[in-house]
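Enquirer: From TrEMBL, here are the annotated features:
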- D131, L132, T133, R158, Q174, D178, R327, Y331, Y332: L-histidine binding site (BINDING)
- 33-406: domain 'Aminoacyl-transfer RNA synthetases class-II family profile' (DOMAIN)
Amino acid sequence: ANDGSLFQMCICACLLGREIQMPALVSLVFQIDVEVAKLLELKLRLGGDDVKHQFVLKTPKGTRDYNPKQMAIREKVFNTIVSCFKRHGAETIDTPVFELKETLTGKYGEDSKLIYDLKDQGGELLSLRYDLTVPFARFLAMNKISNIKRYHIAKVYRRDNPAMTRGRYREFYQCDFDIAGHYDPMIPDAECLRIVSEILGELDLGDFHIKVNDRRILDGMFAVCGVPDDKFRTICSTVDKLDKMCWEDVKNEMVKEKGLSEEAADMIGQYVSMQGGMDLAVRLLEDPKMSQSKQACAGLSDMKQLFSYLELFQVTDKVVFDLSLARGLDYYTGVIYEAMLGPAGATPPPPPPPQAGAPKAEESLSVGSVAGGGRYDGLVGMFDPKGRAVPCVGVSIGVERIFSILEQKAEAEKVRTTEVQVLVASAQKNLLEERLRLVTELWNAGIKAESMFKKNPKLLSQLQHCEESGIPLVAILGEQELKNGMVKLRTVATREEVRDSCVCVCVCNSLIAIKSRQC
């Protein structure tokens with residue numbers, strides 16, 4: 001045995017406190033060596049002191065980072081949306097990112113399985129908010145508010161199967177506009193549709209159309225087609241898939257998975273293929289089957305009224321009455337609507353079969369709906385202790401999908417990521433203090449300005465920074481200009497230079513004339 005083994009044997013004998021025969025001692029040491037070798041191998045596998053633990057550096061599935069260019073696009077979209085909301089008289093609120101689990105339970109139909117539940121920390125059972133509508137209804141009931149026009153922009157969370165290039169994430173923003181209160185029928189509903197039309201038009205996304213329907217019309221249609229009452233919501237969820245699946249697949253799900261008779265499914269198929277405007281509402285009011293349902297007739301009468309207001313709001317060319325629109329959320333009680341890109345009646349072509357070796361594509365141009373909403377008159381009453389109802393109607397703008405479209409459009413474009421109006425530059429060395437004094441005066445005057453973080457930067461480098469960052473003006477300090485108490489002002493794009501006192505910066509008197517040339 002070597003010296004190490006003899007040492008181990010001696011230690012073992014001392015620990016045992018008795019004499020051990022040499023063969024037994026050798027066997028014990030061998031077992032110890034085997035166990036130590038196992039532990040060392042496990043340490044190596046797990047990553048010990050000398051082995052760096054390997055992990056994949058990425059964002060969680062269904063989430064993303066945003067670089068400055070993407071954030072500039074996002075900010076522009078938000079500004080457009082908020083400007084429209086404020087133009088229509090809305091005020092804003094905020095609510096917690098998580099709610100009591102019972103607040104969200106039972107409000108989303110089959111989509112309830114997509115709610116993120118938070119791990120119980122020994123207190124309340126909580127869930128991340130699925131949308132902004134249910135928290136808004138809880139807010140109204142809790143604060144006893146019966147009349148408000150509000151907007152809310154915040155993140156929501158869904159345990160969905162993400163499709164990143166189509167703007168479908170697990171964490172994403174919603175931009176909601178809602179009108180709560182007792183008003184004459186269809187006037188608030190028509191304004192919501194006008195808001196959708198304004199926003200999509202201002203964002204310049206191309207052609208779009210807004211589908212409208214009514215849950216009462218749907219329920220009346222299901223009733224006259226022979227759908228049992230207890231299957232209304234589940235059949236409604238299946239019909240809601242018509243924008244993603246062909247009719248045959250939808251019919252198979254209704255018949256084979258949800259137990260609906262084939263005759264009832266065929267009758268539903270005849271109705272959900274109908275599209276039109278006020279003329280369709282009039283025609284369905286005279287339909288032998290639909291006219292038998294009081295629910296359907298009430299919805300169709302309101303639909304006629306809605307289109308008369310939409311004509312006054314000048315948006316009838318963008319709105320189509322579509323009986324296939326279902327929107328599967330349980331809380332809708334009346335008018336529902338959804339905005340889609342493309343002309344009315346257009347269906348996106350099926351995706352081409354994947355080719356060997358080609359990257360997996362995700363319908364980059366087909367993003368689905370870009371806005372949706374409807375009337376939910378009973379939701380607030382679910383939270384009110386006395387069951388007092390507050391009628392509500394609202395719309396949610398699908399900003400993530402809009403971002404995806406605008407990001408694709410801007411791939412080849414140069415997007416400004418800062419708002420700097422002027423760069424303070426120097427033409428000679430040793431002018432750092434003068435540059436810092438001038439940039440401070442510009443900041444004090446409320447002008448967005450910056451200067452490079454070098455003592456003696458080259459003039460060419462400073463001008464290149466302006467071109468790369470899109471800074472429109474550069475104030476150039478030089479020894480001669482300083483003697484005269486003036487600064488040379490150059491327009492970066494045209495390289496035009498001016499020194500007149502009316503447009504120059506007079507350093508000694510802090511006369512800021514750059515404001516007259518703000519871009």
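Glycine is treated like the rest: Cβ placed from N, Cα and C.
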Enquirer: Let me know the model's mean pLDDT on the domain 'Aminoacyl-transfer RNA synthetases class-II family profile' (33-406).
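Expert: A mean pLDDT of 88 is what the predicted model shows over the domain 'Aminoacyl-transfer RNA synthetases class-II family profile' (33-406).
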Enquirer: What count of other C-beta atoms do you get within 10 angstroms of the C-beta of R327 (L-histidine binding site), across all chains shown?
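Expert: Step by step: centre on the Cβ of R327 (L-histidine binding site), count other Cβ atoms within 10 Å, giving 21.
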Enquirer: When you measure from the Cβ of D131 (L-histidine binding site), which residues in the chain that are at least 6 apart have a Cβ under 8 Å away?
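Expert: Listed in sequence order, they are Y108, V156, Q174, D176, S396.
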Enquirer: Taking the Cβ of Q174 (L-histidine binding site) as the centre, how many other Cβ atoms fall within a 10 Å radius?
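Expert: Result for Q174 (L-histidine binding site): 19 neighbouring Cβ atoms inside 10 Å.
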